[in-house]
Amino acid sequence: MEQARALLQGKTVTIMGLGVHGGGCAAACFCAEAGARLTVTDLRNADALTPSLKRLRAYPSIRFTLGEHRLEDFENAHVVIKNPIVKGAHNIYLSAAQRAGARIETDISLFLRLSPAPLLAVSGSKGKSSTASALCYSLRALGFPAFLGGNSTVSPLEFVRHTTPATPVVLELSSWQLADLRAVDAQDHTVHHAGLLRPEIAIMTPIMADHQNWYADMESYVADKQVLYAHQGTHDTLLCNADDGWGPRFACEAQKNGVRVFWYTAQSPETACRACTPRLMERALWRATDGTYWARFAEGDRACMLIPPQLHVPGRVLQTQVASAALAALLFAQRHSLPPSSCPPCFCAHSHSPAYANHASPPDYACPSAHSPFQEHTRRLAQALESYTGIEHRLEFFYEKGGLRFYNDSASTVPEATIAALEAFDESVVLIVGGTDKNADYQPLAQAAAKAHALYLLAGSATARLQPLLHAAQVPFYGPFTSLEVLLQDLRARQKSPGVIVFSPGAASFELFAHEFERGTTFKSQVRIIFE
């Protein structure tokens, strides 16, 4: 906390955007405890901010400007801490603050300035939260006292004072948070400034057309994602998805800076190699046809089984996210805690097993030595992952009644995520979709929806765009319904046989809900009431 006091004590600080997700609240608590003269401003009124305001009652010195922003709160500030949802470009209040000499920060940038912890970071379009959560879980399973923070979890300012060089931190970072870090770096631009964000290990999940109601085009969206690895160097590692068309570009750019690139794929190495480059599998993780995951840690290494097939999360998409997180955790362990006396063959005893026989090429590589994580780490992690069930709102199995199994995938806010949810199940499912449009392409979803046993639509602007596409594809549906309660009551009346019900909206939530988490919580609550 001494560093924080040196940075903030006695300074006039304005927090722009309190919100209700915790980031603004954490920043306010942190700054107040560091001795800042603090103003919190938000365009929403006090009623909309009740949960956050209740927490801040413990800090009576905080001044609030609610329901509006005032220029004087920015012109008189030494530091402005902005919420990621606030657009920085052409914002009159942030411009006024900068003209007056104020620094623009975020909760993430403050954390990166103050924490001595080794950093692992995750970004991409979908799968960020699942991957980051599985990575933190894997690190803890290996004995590291890891923290998890960022986009969909707690602000890292909640735990920054507890971090040390021995406590790895996993940050999940959205495109908006990454864009803010680039802007902060631009303020700090000197010959010695190397960028605040430099994760030892970074994972890029697949890129999809997300937030296109915010960005001018895909290139500007992807440019923000590239901040994830922009300042990595020769001692750092980037995991790229070999099934993603953007993966080769990310890998090429990172390798120019000497970054070590690992590939991961939900396919066999032969299929993935055709999609990328012939040298893709020098360092890589892939999925065998029996559901096991195999890895090669360096060119010439023997392939070794990393993850046995007992994962409980459904579908190859989620399972590949968990496997990539496990690989990242093992790479971190390799760098930080490998005992010198252990033999490192991972599961090399299984390298000639029937699982590997699914591949065209026999495992004729040299047995890995210094490049592979040690056997006890791999075994311990494999055992721990057998009980890993994923996280809330991401294909979350939460209820079963009368032969009906319910999955909450409310964090699915783009059509591609819903398509992936459909493909996660071997059986035909009852699918619930619909919500608020983000200028996405719904044609592929309309075609994929034909695979569903039944389709229910929740009302919204995205649903209005989807309906004519469903008609054109001759896909029948029920709805649209203006509430989850009415939708589920109709579903219960119609559903006479056992089956799987998946709520995977494929759209944003804002016309009916505050955010996707409220949407998912409402769905679970209504299911338990209606199907009791």
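Along the chain as shown, the residues are counted starting at 1.
Including glycine, each Cβ sits where the backbone N, Cα and C put it.
Per Swiss-Prot, ATP binding site is recorded for GLY124, SER125, LYS126, GLY127, LYS128, SER129, SER130. For the recorded site, GLY124 (ATP binding site), the DSSP three-state label reads coil. All protein chains considered, the CB of GLY124 (ATP binding site) has 25 other CB atoms within 10 Å.
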Per DSSP, three-state class assigned to SER130 (ATP binding site): helix
Going along the chain, which residues six or more apart from LYS128 (ATP binding site) have their CB under 8 A from its CB? VAL122, ASN151, SER152, GLU172, LEU173, SER174, THR205
